[in-house]
Amino acid sequence: MLYQQISQNKQGTVVLLVVFFALLALIGASAGYLLLDNYAMGLVLALVIGVIYATSMIFQSTSLVMSMNNAREVTEKEAPGFFHIVEDMAMVAQIPMPRVFIIEDPSLNAFATGSSPQNAAVAATTGLLEVMNREELEGVIGHEISHIRNYDIRISTIAVALASAVTVISSIGGRMLWYGGGSRRQRDDGDDDVLRIITLLLSLLSLLLAPLVASLIQLAISRQREYLADASSVELTRNPQGMIKALEKLQLSQPMKHPVDDASAALYINEPRKKRSFSSLFSTHPPIEERIERLKNM
């Protein structure tokens, strides 16, 4: 059951990424049709923008991400218990030892960052380290190490970059149309051809809806990788109860004291900001109740 769930989560992410690239291609083709009367050029430009966004974000410095989250790097001497758990989990996962950081915050939370296992880092709040016992900490750190081993940070970064690219292309296309852009043929032909009108309307609709759809796909990928990291943590620790107990404590945690931006929020094991009342479709994290239920059903 454990390996089946891991496989299903990975397959789900692949499907979502394929849909994401299809959406990027669609919005590019739509913008190309409306502005240049050239589907292919719009599609190519959209994919180029997406690749540039993704590449620039993937190589964002680990130290910069940690600095943005008020995390301080610690040595084995400063935090031996935490350090050794990270070391043990990294050894089991067969990845290089990540750098270790602590965030001075009473809330219960942790996250990992780094585009690859070779430049990764793990951070935990002081609240988490004080409240959780070793069994629970192993579950949490196993979760974060799994994010590193599964290249989740890279996948999530690509998803954020693609969502940003879709939004930028949609915004540029909309503004150009509003201020009198559009292809010469669409302005001058006066063609009442039904197919052309339908294509025009569908292209306009895709420009309007694409940013929302892109955001929903990006958030779905984030939630999918959280489920995968939970299951992968159990694979590393061989102890589902440790992860379940940790999630039960995380469920009671208060929001973090310092502001957390959207990109950083998706990295944490638990939503670091005040819980929102709207649909889970717009959340970076699955409901903790569902995460616990999945672990119990393994």
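Positions of Cβ are set from backbone N, Cα and C atoms, glycine also.
What Swiss-Prot lists as transmembrane segment is 14-34 (among others).
Nonlocal intrachain contacts for the transmembrane segment (39-59), taken as residues 6+ away from its ends with a CB within less than 8 angstroms of a stretch CB, comprise 21, 24-25, 27-33, 115, 154, 157-158, 160-162, 164-166, 168-169. Annotated transmembrane segment per Swiss-Prot: 39-59 (among others), in sequence order, evidence recorded as sequence analysis.
His147 (Zn(2+) binding site) falls within a helix when secondary structure is assigned with DSSP. Annotation comment: Swiss-Prot describes His143, His147, Glu226 as Zn(2+) binding site.
Long-range Cβ contacts of Glu144 (active site) within its own chain (separation 6+, distance under 8 Å): Ala110, Phe111, Ala112, Val122, Ala229, Ile269. Annotated active site per Swiss-Prot: Glu144, in sequence order, evidence recorded as sequence analysis.
Summarising the annotation, Swiss-Prot assigns transmembrane segment to 158-178 (among others).
Taken from Swiss-Prot, the feature transmembrane segment covers 197-217 (among others). Residues 16, 19-20, 23-24, 26-27, 30-31, 33-34, 159, 162-163, 166-167, 169-171, 173-174, 177, 186, 281-282 of the same chain, all 6+ positions outside the transmembrane segment (197-217), place their C-beta atoms under 8 angstroms from a C-beta of that stretch.
Beyond the transmembrane segment (158-178), the same-chain residues lying 6 or more positions past its ends with a Cβ under 8 Å from any Cβ of the stretch are 16-17, 20-21, 23-24, 27-28, 30-31, 34-35, 45-46, 49-50, 53-54, 56-58, 204, 207-208, 210-211, 214-215, 217-218, 221-222, 263, 266. In sequence order, Ala112, Ile153, Arg225, Ala229 constitute the residues six or more apart from His147 (Zn(2+) binding site) in its chain with CB-CB distances below 8 Å.
The secondary structure of Glu226 (Zn(2+) binding site), as reduced to three states from DSSP, is helical. Cβ neighbours within 10 Å of Glu226 (Zn(2+) binding site), excluding its own Cβ and spanning all shown chains: 24.
Those residues of the chain, other than His143, His147, Glu226, with a C-beta within 8 angstroms of the mean position of the Zn(2+) site C-beta atoms are Ala112, Glu144, Ser146, Asp152, Arg225, Leu228, Ala229, Asp230, Ser232, Ser233, Ile269.
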